[in-house]
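Some features that TrEMBL has for this protein:
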type	residues	note
ACT_SITE	TYR22	active site, proton acceptor
ACT_SITE	HIS100	active site, proton donor
BINDING	ASN74, HIS80, ASP87, LEU101, SER102, ARG111	substrate binding site
SITE	ARG17	site 'Transition state stabilizer'
Amino acid sequence: MKIWIINGPNINLLGTREPDVYGHETMESINRQIQTYLTDHGHLYDFFQSNSEGALIDKIQEALNEQVDGIVINPAAYTHYSYAIHDALKSVSIPTVEVHLSAIHSREAFRKDSVIAPACIGQVSGFGSASYLLGVQALELHLSKENA
Ligand code: DQA
């Protein structure tokens with residue numbers, strides 16, 4: 001399978017960014033763990049992070065041309081208001097899992113709503129860096145059923 005991991009704004013600052021909320025692991029360290037898992041399970045992959053909405057949308061559109069099987073995305077703050085990222089995911093129609101390190105439903109009121117979730121097959125939230133691996137595993141399960 002070809003699986004892309006996409007991260008939105010400020011995820012590049014993990015490790016130093018509000019460690020009480022997001023933990024001490026860097027994005028690079030989290031990506032290395034996911035990369036090991038994806039390699040061990042025979043998947044092709046790509047990692048992408050941007051602080052810009054347009055760049056994230058371009059990457060999602062590129063996934064269609066590259067015949068990507070599934071996406072794991074942490075849209076970060078765009079989760080809560082980017083209808084453009086929602087539309088991009090709907091447009092490419094690639095199975096996508098939304099992930100969050102923090103438990104967005106237990107935080108400030110503005111974080112409870114995800115405008116991205118309706119364009120995704122599911123959401124993993126609140127397990128720290130493990131949310132990504134759980135997201136990848138949920139995607140694998142979904143894709144294996146889809147291809148059965
Ligand atoms: C986040 C949660 C968002 O509300 C926040 O804006 C982020 C990170 C998370 O992974 O917990 O940047 O997506």
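Even glycines carry a Cβ here, placed using N, Cα and C.
TrEMBL annotations: computationally assigned, not manually curated.
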Residue pair HIS80 (substrate binding site), ARG17 (site 'Transition state stabilizer') - Cα distance, angstrom, rounded: 19
Filtered recorded positions, from ARG17, ASP87, LEU101, SER102, whose Cβ is under 6 Å from an atom of ligand 1: LEU101, SER102
Site diameter for substrate, Å, by largest Cα distance between ASN74, HIS80, ASP87, LEU101, SER102, ARG111: 24
Those binding-site residues, out of ASN74, ASP87, ARG111, that come within 10 angstroms of TYR22 (active site, proton acceptor) at the Cα: none
Conformational class of SER102 (substrate binding site) under the three-state DSSP mapping: coil
